[in-house]
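If you check TrEMBL, you get these features:
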- 41-265: domain 'AIG1-type G' (DOMAIN)
- 53, 54, 55, 56, 57, 58, 167, 215, 216: GTP binding site (BINDING)
- 57, 75: Mg(2+) binding site (BINDING)
Ligand SMILES: Nc1nc2c(ncn2[C@@H]2O[C@H](COP(=O)(O)OP(=O)(O)OP(=O)(O)O)[C@@H](O)[C@H]2O)c(=O)[nH]1
Ligand SMILES: [Mg+2]
């Protein structure tokens, strides 16, 4: 487990943005990284995925404490994945920002393929699946994108994942309290993740996906220690990093992106093998229904 930044094939820089964090946050992060180092983990590779424009790049910038990737309000920005590596006191964080997986109403399978190729020979320790807290619906597209991630990286990636909800400094609609609103939104998304990843009821415990709320806005409220806080008073940056380290050390295997994974699991091609079989079964079913109808007509004719 002694993967260093050098062996990841990346150029790791001193983490200058770290000093931007308030002292209270810095102390908490140093403690968390210290715990990881005690477990012989000297680096973490985090990948950030989700639909377009949900705040992936903003979240990467918030974690690093610098504007390392471009944030764009009105057009899809990122076309290919980028890896940012920062080292602080012997601990390296590698974080991979990716292009949105849904653009213009469709799952962008090409983008997913690009991400897989980019990650070849890397190990994913944690997946941040990002969406917005301030949205009110989940639809079939959400399920499709989850399914695409599962097909691409294997269902087990959800054992190393957390759900990150941005735009968390909101006033809930109607009379809902903040906590009730955010748990309703989280539950709806978790349900979709279980559905899309085909996680069965008896597996829920094994695929326990934590939810973390995030507010990337510069106008985020702060506590007396100058840490950015949510309406429920949680200092969210140390909380996010804490949950990331929890997931990294949850005892489940990290996802190794090898050649087999990149080339072998093209589910579209796999699906094609079954087309003749499906057509055959369809043919038999149609024949059987036709037979039944003919039978009914024959019987009906007699009873008239
Ligand atoms: N208020 C608020 N705005 C946010 C938050 N996160 C992101 N934004 C804004 O949402 C817009 C899109 O953010 P990005 O970080 O570029 O989103 P993205 O998911 O990286 O987008 P793509 O790379 O195009 O897929 C920008 O205008 C951000 O400033 C947040 O937590 N709160
Ligand atoms: Mg982006």
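Along the chain as shown, residues are numbered 1 onward.
For all residues, glycine too, the Cβ spot is worked out from N, Cα and C.
Shown in sequence order, 55, 132, 133, 134, 215, 216, 217 are the residues of the chain, 6+ apart in sequence, with a C-beta less than 8 angstroms from the C-beta of residue 167 (GTP binding site). DSSP assigns residue 55 (GTP binding site) to coil, not to a helix or a strand. Around the Cβ of residue 57 (GTP binding site), 25 further Cβ atoms fall within 10 Å across all displayed protein chains.
The Cβ of 53 has fewer other Cβ atoms within 10 Å than any other of the binding-site residues 53, 55. Selection of the binding-site residues 53, 55, 167, 216 by a Cβ distance under 6 Å from ligand 2 yields an empty set. Annotation note: residue 167 (GTP binding site) sits in a coil segment as assigned by DSSP.
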